[in-house]
Every structure is written in C-alpha cells, then in structure tokens.
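Reviewing the structure listed below.
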Amino acid sequence: MLKLQGEDEAAQLAPRRARVPVPRPTAPDVSPSSARLGLACLLLLLLLTLPARVDTSWWYIGALGARVICDNIPGLVSRQRQLCQRYPDIMRSVGEGAREWIRECQHQFRHHRWNCTTLDRDHTVFGRAMLRSSREAAFVYAISSAGVVHAITRACSQGELSVCSCDPYTRGRHHDQRGDFDWGGCSDNIHYGVRFAKAFVDAKEKRLKDARALMNLHNNRCGRTAVRRFLKLECKCHGVSGSCTLRTCWRALSDFRRTGDYLRRRYDGAVQVTATQDGANFTAARQGYRHATRTDLVYFDNSPDYCVLDKAAGSLGTAGRVCSKTSKGTDGCEIMCCGRGYDTTRVTRVTQCECKFHWCCAVRCKECRNTVDVHTCKAPKKAEWLDQT
C-alpha cells in the first residue's frame, strides 16, 4: 500500500492520546412494580395506535337526503366509497332504505325502554349504543341490511336504476299448488338487491375481521334472507269471464313491515354466543344454551337496562317517556319508568270527527276536543343520574 509523502512525519508529530477507560453501562435497578407500570404504559400506547372500532357508518347516508356526496359520508371504507362513486343512483336508494329501516326500527321498539332513538347531526346515528355487542346492535345490523335490499330491489323494478331492471331469471313456465302458470310481468329483482347490499354493507366488516365483525356479518345475512323470505307470488288470470284458464305471475316484495315484524321476533329469541378460538364461528355462551342457526340473531354482551342516562353505554334513559298507567307490558309505567314513578298531565287534544262527504267533492269534519291524562316517567334522582355519566 502506497503512503503519501509526509504521512510518516505527520504520524510521528501527532501527540499520542492517552487511553481513557470508558465505564460500561450498568442496568438500572428496576423494581417489579416499576416494570409492571412500564408494561401497562406500553400496552396503552399500542391500544391508542391501533384502529378503534367506531360505528360511524353508512347509516348516516339516510340523513343526507337526495344529495349524496361520497367524499362527505363519514365512516365509509375504501370499498364502500368506490361503490358510492361508481353507482350514485343506487346510493340514493340506499339513503331511502336507511330512512325506511330507521322508521321501522322505531316502530318496533316504540313501547320499549330502548326505542331506537337516533341523534341529530351525529355521524354514528345511535351514539355509543351500537358499540356494545348487544341484542339491540344485532337487530339494527339485521334490519339495516334488510332495508338496503328492500330499497334497491324496489328501485330496480320501478325503473329508477340504469344498472338493473326486472328479475331476468323468472322466465318460462312454472307451477304451484294451484297449477301451472307463466312467468310474466315484472318480478322484483331480489337477486341484484341482495348482491349489492352484501357488497356494500359487508365491506367494512370484511376489512376489520374481528369477533364483532363476525357477529355483524351473521346478522347482516339474517336481514338479507328475511327480505327474500317474504317475497310473494302475484298473479293475473286470463280466460273467458275471468275463468283463469291461464295465469301470468310474478314475484313481488311484501311490505317492509313484515320483515320488521319477523326480525323483531328474531330479536326476542336472539342467541347469546362467544366466538371460537380461531375466530371463524360461534359457540353457545354457556353450557346448555342452544346453538345459533343461520336464521338466529346473535349477540355477545348483555344489554344495559336503559333506565337512566348513561352516555358510556349509549343509554338515553326513560325520563319523560310516555307510559300507560294500566298496561302490564313493556309500555306500562311500572316497567317503562323502572320503578321511579310517573307524572300525570291533563291535556286537551283536538281531532277531526263526524266527517261527512258533500257532493261534489269534499269531506267536511267537525273539530272534537278530548281531555285526556298523559303519564310520563319521572327523572331519576340527581345522585343516581350522576353515578351513570
């Protein structure tokens, strides 16, 4: 190896540096309690950095009206946003379906402590109530999925969507208990409604892939199959004097109320489950409990009693709710008010009565005034309320 001229001189002229011993770092004396505290802090940091389950979802589309702007819908995952941008007409139907299933949910639970109340201008629609894996969450996921199927299927058959129309599979000759008939008319395209609802509604759960996602996917499927369950056969007779020698039939959606009633019964018989270790299926929550079938709604957590305002549990309480003084059911004051008692207010209601038809062409009614007692649940005591918030 060649050395540059003067390199040796420079080496000789350079002062020799004394070697200073460097102390080796020693491990700090850490007590077991400090170690546990550090581990807890690390776990907390990991939990904060992991994506949390937030039920801001496509449900908010129902609050946007006819003008659905995909980028302004909070909570959509990328697949849902892609479908929204590609099919804006279908998104309007999804919004109509959202409004319909929320109305149906509120009808089904109008006499219960939890009455499917929505929160204005809240992207989660129900607040924190759906974060708990409860019966109520099971019902909401099922009926929301059913609402999308029903709305899209109806829009297809009514010619409101360019991507679908009548059911293309109902063609040719068929038979039922009354005999042979020809498929005709415009059968509701349930196949397209189910297919799009599955792709759109299930997209978020398929992305998360946790136990709650498995529960939601199961209940979503229950909702879709419920709509298909109540397809009805409508027919028109052809023949001399309506003899019905030839029938033309088509499949039609039933009123959404039938789906709501059915899912309400499924709610009453919902099965409490736990996820299996591999996270691919369910097992009964306790030994001796029956196993869930494909038509059962499933849930993990017991519901709160919904008696008092509890923001953490998503409970709005029953203070001020109207109740029946004489009923022994869930709408009765004893159950609705959770034993807190009720207030009675006398109110006068004005209704139309003694209506008569006058030629031509008007209906004239009188105004009738009725004084009735309205019973409303008392608010809990202040100390009790503070304990729950």
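Heads up, the Cβ atoms here are built off N, Cα and C, so glycines get one too.
Annotated region 'Disordered' per Swiss-Prot: 1-33, in sequence order. What Swiss-Prot records for Cys105-Cys116, Cys156-Cys164, Cys166-Cys186, Cys235-Cys249, Cys237-Cys244, Cys307-Cys338, Cys323-Cys333, Cys337-Cys377, Cys353-Cys368, Cys355-Cys365, Cys360-Cys361 is disulfide bond. Residues annotated as N-linked glycosylation site in Swiss-Prot, with sequence analysis given as evidence: Asn115, Asn281. Annotated O-palmitoleoyl serine per Swiss-Prot: Ser241, in sequence order.
Feature map: Swiss-Prot annotations on the structure.
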residue: Cys235; record: disulfide bond; DSSP class: strand
residue: Ser241; record: O-palmitoleoyl serine; DSSP class: helix
residue: Asn281; record: N-linked glycosylation site; DSSP class: coil
residue: Cys307; record: disulfide bond; DSSP class: coil
residue: Cys338; record: disulfide bond; DSSP class: coil
residue: Cys353; record: disulfide bond; DSSP class: strand
residue: Cys360; record: disulfide bond; DSSP class: coil
residue: Cys368; record: disulfide bond; DSSP class: strand
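When Cα-Cα distances from Cys105 (disulfide bond) are compared across the recorded positions Ser241, Cys360, Cys361, Cys368, the shortest belongs to Cys368. The Cβ of Cys337 (disulfide bond) has 23 other Cβ atoms within 10 Å, all protein chains considered.
Cys338 (disulfide bond) is surrounded by 19 other CB atoms, counting those within 10 A of its CB over all protein chains shown. Comparing C-alpha positions, Cys323 (disulfide bond) sits nearest to Cys116 among the recorded positions Cys116, Cys186, Ser241, Cys360. Comparing CA positions across the disulfide-bonded residues Cys156, Cys164, Cys237, Cys338, Cys365, the one lying closest to Cys377 (disulfide bond) turns out to be Cys338. Sequence-distant neighbours of Cys244 (disulfide bond): residues of the same chain at least 6 apart with a C-beta under 8 Å from its C-beta are Cys237, His238. Taken residue by residue with DSSP, Cys323 (disulfide bond) is part of a strand. Classification of Cys377 (disulfide bond) by DSSP places it within a strand.
Annotation for Cys365 (disulfide bond): spatial neighbours Gln352, Cys353, Glu354, Cys355, Lys356, criterion Cβ-Cβ under 8 Å with sequence separation of six or more. Long-range C-beta contacts of Cys361 (disulfide bond), restricted to its own chain and to partners at least six residues apart, with a cutoff below 8 Å, are absent. Comparing C-alpha positions, Cys360 (disulfide bond) sits nearest to Cys249 among the recorded positions Cys164, Cys249, Asn281, Cys338.
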